[in-house]
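*Asks:* So that we are looking at the same thing, I have put the structure below in structure tokens.
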2 protein chains.
Amino acid sequence: MNFKVLKKSKKSRARLGIIETPHGVIHTPAFVPVGTQATVKGLTVDQLKNIGVESLLCNTYHLYLRPGDKIIKKLGGLHEFMNWDRPIWTDSGGFQVFSLGAAIEHRVGKVASIFPKIGNQKSHRPIRANEPITDHHHEKFARIMEEGVEFRSHLDGSKHLLTPEKSMAIQKNLGADIIFAFDECTSPLHDYQYTKKSLERTHRWATRCLRTFEHRTSNLERQGLFGIVQGGVFKDLRVKSAKFIGALDFDGFGIGGSLGKSKKEMYKILDWTVPLLPEEKPKHLLGIGSAEDILEAVERGIDTFDCVLPTRLGRHGSTLLTASGVALDVKSGRYAKDKKPIDKKCGCYACQNFSRAYICHLFKAQEMLGPILATIHNLHFMEKLMERIRKTI
Amino acid sequence: MNFKVLKKSKKSRARLGIIETPHGVIHTPAFVPVGTQATVKGLTVDQLKNIGVESLLCNTYHLYLRPGDKIIKKLGGLHEFMNWDRPIWTDSGGFQVFSLGAAIEHRVGKVASIFPKIGNQKSHRPIRANEPITDHHHEKFARIMEEGVEFRSHLDGSKHLLTPEKSMAIQKNLGADIIFAFDECTSPLHDYQYTKKSLERTHRWATRCLRTFEHRTSNLERQGLFGIVQGGVFKDLRVKSAKFIGALDFDGFGIGGSLGKSKKEMYKILDWTVPLLPEEKPKHLLGIGSAEDILEAVERGIDTFDCVLPTRLGRHGSTLLTASGVALDVKSGRYAKDKKPIDKKCGCYACQNFSRAYICHLFKAQEMLGPILATIHNLHFMEKLMERIRKTI
């Protein structure tokens, strides 16, 4: 993995760059769609390529449990398994620790106050958890120890221990181009003391990840490993984390964990941390994908983003229209006779070929093609947004 | 609509033909995939075209209830609504009379004994009904009168009256290239007396359809109207029906209704009826789509087929392998590590790009892409089957 900064903005920390991987390049700033279970829900890899998607992020936790990283390795790795020959990212599984543990306990997600209401979920529920949240989830699923995290599978209740070493081994088996160090993602409701204790552990885990990682890889075509900056909403902890993680021999960095209770807090966290990280290395903002946040974060020096938001919104019939967050609820009865496309200025397959009325009908009739077309539109929207951002830098 | 016989087999009644419609041609013998609600479940029109699909059949009953034929007309008709610029067929809604009425009462489908077991449905349930059958369905949903059929919507319980004239008007609004006369589809468990009474009514309905139809259309680009031969498993009734319907000014003919309790009975019904219908007009076998049946029916002079079987089997993970009916249950755990494609000789998108293991994973993880890929494979299988049949004539 290699990263080059091609151009820097004069007005902000925004920069134009290119990440080179064994499976091709990623032009940054880039949005990375999520294919949790080795598939972007409903779309073929050809449809993703037609949209212009350059890379995907898959979830280590989910693939470790099903079908299993060893099976994927046997089948030639994630790229061959899902037949995606462009770059792949995998997360560390750490976010799921948060989803199964504190997030459920605290009933919050990554940025508690800005979760859009989706379907019948309440806004303060952790919408990033991939399974519907039911009462039995409130039993704490994850136990965090120095060694790692013991958790129960959401699929069959089986017990597992995920450690930094194991996360690295799993991600090695999956074979993504860019992988993440194992971390604990704290909740916005965790206090200073807990966040500090957790941060120190995450730092020790980061060191363990690097040790395992370097030990295991030597060839030129090795995976890129990103370290993750934690520290919640506390300035001194974020600064400490950025300095510590930034000094380690990672190929890039993620800003993770609780990003506060408001967009403003999130932007502050970026202001505290990004300038302390090595400038020449790529920086990824984990789990953030609203257009507005992306614009703000790019100006603060973030190069890449991953988020389920555009695909999830699409599956629920919410189709993105403007960078300021305006969306059209195409499944609403008000569009039942509307001949216009979702967005008449949009060049995506859905907008070029189908009316709001048709897509509305598909949602009402619970036809798969509804979510598919809305997802295509939303991912195309994100690609065009990133293209525009890259042009303005 | 126009039909030309290009070549006749010397060994059987099989023939090679071409149906010309305002939206292009259909090479016969042809299999017509079903897009019940104006979409072949999970597939885009581009994917259908890549498979080589020349025409689709949509269900009048479903589209009348949702989104409504008047809305579809306002939006430019079915072709524009679903952006399918190739030929479309619509059925008459008559089959749903059967599905909502006698079929549920009798717990049988089109050919009672040959329904494959799909999912957890028992083999003698009417799998062609599009909604899961629940106990409350056993209340008879449809009341058949001389005037037409009074039924309650499976969506909201609202009461509707479908008559031959109304079926024609709805199909006119939908604007398919080939439409069907309104008929009653009797059950294999209906006795001679009921079937005879029903048949005579269906014949009167056929005359009413033609009257409305001719009255309403005059231009050259008019829809083709097919009459339907009924008569259950009773030879004299089938013969009577073929003679009566065959003598009317239809553009083609469908063989419908109960096709007996075995494949053998179905083949006999074809032997009785097809030779009595005008040779120069196309003949369609309604709702039959297993490869074996298609081969037998083509030899008996059938030109076109529609059936949900290949798409429905695909959605349930059953992927077609041979014309004799061998299928591979790709969702089965035995394929979880299988690197091979569904069928190594198959040129479809699924087989060219993905392993059984990956598709198995998608089904286990309940990902939409599983049913999508299996549907693509099955429709490709049907296209290739029909291509081979056309070559051998």
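Keep in mind that glycine also has a Cβ here, set from the backbone N, Cα and C atoms.
In TrEMBL, annotation is done automatically, which means it is predicted and not curated.
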*Asks:* Check TrEMBL for me: it has A:ASP91, A:SER92, A:GLY93, A:GLY94, A:PHE95, A:ASP183, A:GLY257 binding substrate, so pick out which one of A:GLN193, A:GLN230 it puts in that same site.
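*Replies:* Substrate site check in TrEMBL: besides A:ASP91, A:SER92, A:GLY93, A:GLY94, A:PHE95, A:ASP183, A:GLY257, the record includes A:GLN230 out of A:GLN193, A:GLN230.
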*Asks:* Please identify which of A:HIS316, A:HIS377 is recorded by TrEMBL as part of the Zn(2+) site containing A:CYS346, A:CYS348, A:CYS351.
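*Replies:* That Zn(2+) site, as TrEMBL gives it, pairs A:CYS346, A:CYS348, A:CYS351 with A:HIS377.
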*Asks:* When TrEMBL marks a stretch as region 'RNA binding', which of A:11-15, A:21-25, A:311-315, A:341-345 is it?
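*Replies:* Feature region 'RNA binding' in TrEMBL: residues A:311-315.
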*Asks:* Please tell me which one of the recorded positions listed here (A:PHE95, A:GLN230, A:ASP306) sits closest to A:HIS377 (Zn(2+) binding site), measuring Cα to Cα?
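*Replies:* Result: the closest of the recorded positions to A:HIS377 (Zn(2+) binding site) is A:ASP306.
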*Asks:* Hey, how far is A:ASP91 (active site, proton acceptor) from A:ASP183 (substrate binding site), Cα to Cα, in Å?
*Replies:* 10
*Asks:* Whole-number answer please: how many Å between the C-alpha atoms of A:PHE95 (substrate binding site) and A:CYS346 (Zn(2+) binding site)?
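*Replies:* Roughly 34 Å, rounded to the nearest whole number.
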*Asks:* Of A:GLY93, A:ASP183, which of the binding-site residues has the most Cβ neighbours inside 10 Å?
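*Replies:* Going through A:GLY93, A:ASP183 one by one, the largest Cβ count within 10 Å is at A:ASP183.
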*Asks:* Name the one residue among A:ASP306, A:CYS346, A:CYS348, A:CYS351 whose Cα is closest in three-dimensional space to that of A:SER92 (substrate binding site); these are the recorded positions.
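*Replies:* Answer for the nearest of the recorded positions: A:ASP306.
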*Asks:* Of the recorded positions listed here (A:ASP306, A:CYS346, A:CYS348, A:CYS351), which is spatially closest to A:ASP183 (substrate binding site) when Cα positions are compared?
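*Replies:* Closest by Cα distance to A:ASP183 (substrate binding site) among the recorded positions A:ASP306, A:CYS346, A:CYS348, A:CYS351: A:ASP306.
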*Asks:* Sort A:ASP306 (active site, nucleophile) into helix, strand or coil using the DSSP assignment.
*Replies:* strand
*Asks:* What is the nearest of the recorded positions A:ASP306, A:CYS346, A:CYS348, A:CYS351 to A:GLY257 (substrate binding site), using the Cα of each?
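*Replies:* Sorting the recorded positions by distance from A:GLY257 (substrate binding site), the top entry is A:ASP306.
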